[in-house]
Structures are given as C-alpha cells and as structure tokens.
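First comes the structure, then the notes that go with it.
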Amino acid sequence: MEPVNSTEVSEFFLKGFSGYPALEHLLFPLCSAMYLVTLLGNTGIVAVSVLDARLHTPMYFFLGNLSILDICYTSTFVPLMLVHLLSAQKTISFLGCALQMCLGLSTGSTECLLLTIMAYDRYLAICRPLRYPVLMSHRLCWLLAGAAWVFCLFMSVTETVIAMRLPFCGHRVVSHFGCEILAVLKLACGDTSISEVFLLVGAILLLPVPLAFICLSYTLILATTLRVPSAAGRRKAFSTCSAHLAVVMLYYGTVIFMYMKPKSKEARISDEVFTVLYAVVTPMLNPVIYSLRNKEVKEAARKVWGRIQTSRQSPGPALSISLRYLTPASRLDSGFQSCSSQSILQGSSRGIFRKSLFDHVSLLAKTPEWLPELSG
C-alpha cells in the first residue's frame with residue numbers, strides 16, 4: 001500500500017480531553033475564566049505602560065512586550081480549545097494546524113528570550129545604575145525586542161515547514177488539544193531525524209542558554225544588593241526583581257518539563273495538563289504577579305483609572321482644550337455660541353443671558369495673545 005503524503009491529509013482530529021467528558025465540562029468554565037483574566041490583565045498592563053509617562057522606561061517597555069506575547073500565545077490555542085471542549089467535532093485544517101504550530105512556537109520562544117533580556121535590564125539597572133541610561137538606550141530596547149521577535153519567528157517557520165512536510169500515512173488523530181509540534185511528529189511515518197535535530201538545537205538555544213544568563217544576572221544582582229548599606233535599598237532591589245524571578249521560575253519550570261524530559265511513545269494525560277498550565281495559567285499569573293509586587297504599576301493603574309473617571313464626569317477640560325486651538329475670531333464666536341446655547345438649555349431669562357455673555361467676553365478679553373488683533 002502506497003503511503004499517503006502529508007499534502008493529502010486535509011485535516012487533523014485533536015483528541016484533547018475527549019476521553020474524559022467530566023474533565024471537559026470542568027475545564028471549560030475554568031479555562032474561560034482564566035483566558036478572560038489573561039486578556040484583561042495583560043491588556044491593562046500594556047495600557048498603563050503606554051498611558052502613564054512615568055512608566056516609559058526600558059523595564060516597562062519589555063513588560064509591555066511580555067504582555068503582548070502572553071495575549072498572542074494564549075489566543076493561539078485557547079479559543080479553539082474552548083470550542084472543542086463543548087463540541088464533538090474536534091477537527092482543524094492542515095493549514096490551520098501549521099499556522100497554530102508556527103504561532104505557538106514563535107510566541108513561546110520569544111518569551112524565553114524576552115525574559116532573558118528583562119534579567120539583563122535588571123542587572124544593568126542595579127549593578128550599573130550610573131551608566132544605565134546610556135547602556136540601555138531607547139534604540140537598544142527596540143533592537144533587542146525586535147531581534148527576539150524576528151529570530152524566533154524565523155526558527156518557528158523553519159521547524160513548522162520541516163515538520164509539516166513529513167508523510168503522515170493517513171494518521172490524523174493528534175493526542176493533544178492543539179497542534180503541538182511533538183504531538184504532530186508522533187504521527188509521521190517518515191524520517192523525523194532532521195526535525196528532531198532542529199528542535200534539539202532550538203531547545204538548547206532557548207532553554208538552558210537563556211536560563212544560564214538569567215541565573216548569572218541574578219547572581220550578580222544578589223551580590224550587588226547584599227553590599228547595599230541601607231535595608232530600605234536592599235528591600236527595594238529585591239522587590240523590583242522578585243516579580244520577574246517568580247515569572248521566570250513558573251515559565252521555565254513548565255517548559256523544561258515539557259520539552260527536556262525523555263520522550264515517550266504513548267501520550268499521557270499529565271502532558272496535556274502541564275501544557276494547559278504552561279499555555280493558560282502562566283500568562284494569567286504574569287500581570288497578577290507584576291501588579292501585586294510592583295507599587296509603580298499599582299499607582300499608575302490608579303492614576304490612569306482616576307483620569308478616565310474624571311474625564312467622564314467633567315466635560316469642562318475638553319471645552320478648554322478645544323478653545324485653546326481656536327483663532328481669536330472663532331474664540332469670540334465660540335464664546336457667544338457657548339453662552340447662548342447654555343442659556344437656552346437652562347431656560348434662563350434674557351437678563352441672565354446678557355450677564356453670562358458679558359462674563360464670557362470679559363474672560364476672553366483677558367487673553368493677551370489676541371488682544372492686538374481685537375484692537376486692530
């Protein structure tokens with residue numbers, strides 16, 4: 001019998017947790033809530049980092065990138081997983097499977113490098129505080145983040161193309177809730193050695209090497225922090241790094257378990273549970289950890305929220321901003337129109353209308369920048 005080429009496989013069946021109906025009904029509300037918290041929390045981190053000028057620093061620039069990565073990564077897997085938890089037809093097209101695999105590999109790999117860059121940023125901020133603005137410039141921040149995104153995208157595209165060009169011999173049941181590359185490779189009936197070599201090289205470049213740099217950075221940070229004479233300074237340094245260190249331990253712990261453990265021919269339910277932890281729980285906890293452990297984020301969030309509430313309650317600032325950019329003649333017309341419309345809406349008498357109009361003209365006449373034009 002001639003083997004069926006991979007191009008003849010039009011779709012894959014994602015087995016997921018189909019053998020455990022009770023677990024599916026339990027996971028749907030749980031994963032839905034966690035996904036919602038992930039979206040809201042990470043979107044909030046990005047919004048606060050952009051809207052508050054005090055957070056326009058390298059640390060929060062990288063934190064915003066991390067939040068965007070978490071949103072992209074969870075959105076690659078979770079929405080389809082939620083649909084399949086309630087549906088009997090758990091299929092995905094061949095191209096959809098390749099796209100999900102590529103995006104999952106790219107965003108997950110980029111997060112590994114981004115956590116390393118954030119550790120290097122903390123090292124410069126604590127161990128080289130005087131030269132920190134020069135060493136970690138705005139241009140370097142964009143260069144490091146962009147290089148991480150592009151490099152990991154290139155690697156993921158290469159690994160995906162090699163994996164999806166393998167013959168599957170009609171095998172289409174993926175023992176996973178998503179098109180995870182290790183689960184798809186188990187279906188291949190051809191030589192998978194090239195794909196496995198690429199995965200091994202990628203795993204070494206993105207797991208042990210970055211983790212070694214992170215450990216080295218925090219060792220130097222610890223040595224520098226212990227030399228700080230004041231207890232308040234030591235507490236501040238530890239508080240700044242503790243959130244990032246907690247995220248690193250949570251993320252790398254689950255990833256190393258998934259990709260560095262010995263391979264097994266049979267799929268186990270524990271692998272899928274840990275993948276849910278790695279794909280859903282970790283991105284949800286990142287904004288929680290950073291918001292709870294970081295006073296600057298909490299203060300910035302309160303400030304932005306208070307600004308939004310104030311702008312909703314009082315339309316006065318918007319009117320003053322618009323008047324600022326009007327020409328002198330249009331300012332006067334605006335004053336007449338504003339006064340007349342307010343008086344009409346309030347049902348005031350003609351005398352009150354004249355008084356408020358006189359107040360408007362008097363207020364506008366005090367503006368020195370257009371007095372010469374009136375006198376001319």
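Yeah, the Cβs are placed from backbone N, Cα and C, and that goes for glycine too.
What TrEMBL lists as transmembrane segment is 26-48, 60-86, 92-120, 140-158, 197-225, 237-260, 272-292. Here TrEMBL flags 41-290 as domain 'G-protein coupled receptors family 1 profile'.
Listed by sequence, the residues of this chain that lie at least six past the ends of the transmembrane segment (237-260) yet keep a Cβ under 8 A from its Cβ atoms are 66, 108, 111-112, 115, 118-119, 122, 125-126, 182, 199, 203, 207, 211, 214, 218, 221, 224-225, 228, 271, 274-275, 277-278, 282, 285-286, 289-290, 292-295. Under 8 Å from some Cβ of the transmembrane segment (197-225) lie the Cβ atoms of residues 109, 112-113, 115-116, 119-120, 122-123, 126-127, 152, 155, 158-159, 162, 181-182, 234, 237-238, 241, 245, 248, 252, 255-256, 259-260, all in the same chain and six or more residues away from its ends. Pairs of Cβ atoms less than 8 Å apart link the transmembrane segment (272-292) most often to 26-48, out of 26-48, 92-120, 140-158. Within the chain, the transmembrane segment (60-86) has long-range Cβ neighbours (under 8 A, six or more residues past its boundaries) at 14, 16-17, 24-25, 27-28, 31-32, 35, 38-39, 41-43, 45-46, 49-50, 92, 100, 103-104, 107-108, 110-111, 114-115, 117-118, 121, 141, 145, 177-178, 247, 279-280, 282-283, 286-287, 290.
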